[in-house]
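Shown next, in structure tokens, is the structure this report addresses.
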Amino acid sequence: MAFRRRAKSHPLFSQEFLIHNHADIGFCLVLSVLIALMFEVTAKTAFLFILPQYNVSVPTADGELIQYHYGLKDAVTILFYFFIAIILHAVVQEYILDKINRRLHLSKIKHSKFNESGQMVAFHLTSVIWCLYVVVTEGYISNPRSLWENYPHVYLPFQVKFFYLCQLAYWLHALPELYFQKVRKEEIPRQLRCIALYLMHIAGAYLFNLTRLGLILLLLQYLAELFLHVSRLIYFMDESNEKVFNYWAVVFVVTKLFTLTLYILVIGFGLPRVENQALDPERGNLFSFLFNNILFRMSVLLLVCLFQASVMWRFIHFQLRCWRVYWNEQSSRKRATGTNRQTRPFRRDWGECWDSCTMYWLHGRHQSCGPVSPHQATAHAGNAAAVPPALCRVQGVSNRVVPWWGLSPCLWASPKRVEVLTCARDRVFSLYAQATMKTEW
């Protein structure tokens, strides 16, 4: 299974070989794990890679319910879906984004940004649909009190734990993709900060047993990011569609307000009411007991508020800068329009008109000479007998011989020289009117 067609083969285990074949290598590793399921000896080990571990039977009113908690074996499962993410990344790049890029003919910088936004749209769209399904089926939206009631939420449903493992696997796979996709050095720090923030928030919600709050926050964040990258794709396809970013700006502000409200509601008001927050290693409560300390809880809330405030400040500063540039462009256009309306029609000096024009003097037959200087024109005007008949035959129009100043300048001059030719024609007419001898035309 080859994801990239290449014209030449690279040396085995070289840098280019690894870059061009990393998806094939990942597919071989995933396929080996799937083949191990077919044999009884290796099936138990293969299940460690595929299925979430640490399942526990929790008694309920309707019977027993199988739930999960976290542990060290989750790293093995994350590793398996790490290679799955690499394969899916290559599939989206090869069969969707590369085909679109061939039609758009983008520049190198826009090409890399288009690929980044295309990958993010595929991931965020899938994550929004998946996260919305989990939140609705678990009843976290219909019952907001469930976000902090019975905290810590040590035991997780299967779909919640599987969602978190896949999220961690995807953002971990984004680190080597910076090398595989040959991202520009200028873009690496920005993407590293983005990946580190996502990993920190997702892993923090998973380890501190704030998975319910984390699901709602991820849904809001991914929704805003989805609008951003969709707007970027539309803009790269047609740069006149700049107004699509206005929709992203509205969604961004709304989601940030909801995010900050949820943080204050859950951490500031919900968690202090929970009584049972003692350390219980057997239950798996290794980190969430820290929220029993008001100092730790307020520190977390303060850091979150400062981070959200900094994000909003950068967003507002960016929007003000864009509006300032837009209004400057509009004002300059208005000034240019007003200047064009007040400008008088352009007229050259008659000497420049003579230097710029070429007349056809016909002496019994059609022949052309070079430009007539003002001195020659004055000599002809002084000696009227020496003035030849300035005639011009209109080729392709009629066989009638007419005065050349009777012609429309558009017949024998480009539109840009109409003003020059008109000025020259008026000057010649003035010279011949001053002559004492009248010539019959």
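Backbone N, Cα and C atoms are what each Cβ position is placed from, and that goes for glycine too.
Annotation comment: TrEMBL describes 112-326 as domain 'TLC'.
The feature transmembrane segment is assigned by TrEMBL to 78-97 (among others). Under 8 Å from some Cβ of the transmembrane segment (78-97) lie the Cβ atoms of residues 3-4, 22-23, 26-27, 29-30, 33, 49-50, 114-115, 118-119, 122, 165-166, 168-170, 172-173, 176-177, all in the same chain and six or more residues away from its ends.
Annotation comment: TrEMBL describes 118-142 (among others) as transmembrane segment.
For 162-180 (among others), the entry in TrEMBL reads transmembrane segment. Counting only same-chain residues 6+ beyond the ends of the transmembrane segment (162-180), those with a CB under 8 A from a CB of the stretch are 19, 22, 52, 74, 77-86, 89, 123, 127, 130-131, 134, 156, 188, 191-192, 195, 198-199, 202-203, 205-206, 211, 214-215, 218.
Annotated transmembrane segment per TrEMBL: 192-209 (among others), in sequence order.
The transmembrane segment annotation in TrEMBL covers 247-274 (among others).
Under the heading transmembrane segment, TrEMBL lists 294-316 (among others).
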> Is the transmembrane segment (118-142) packed against any residues at least 6 beyond its ends, judged by a Cβ distance under 8 Å, and which are they?
Replying inline: 89, 92-93, 96-97, 100, 157, 159-160, 163, 167, 170, 212, 215-216, 218-219, 222-223, 225-226, 229-230, 233
> What else in the chain is close to the transmembrane segment (192-209), if you only count residues 6 or more beyond its ends and a Cβ gap under 8 Å?
Replying inline: 70, 151-154, 164, 167-168, 171-172, 174-175, 178, 217-218, 285-288, 290-291
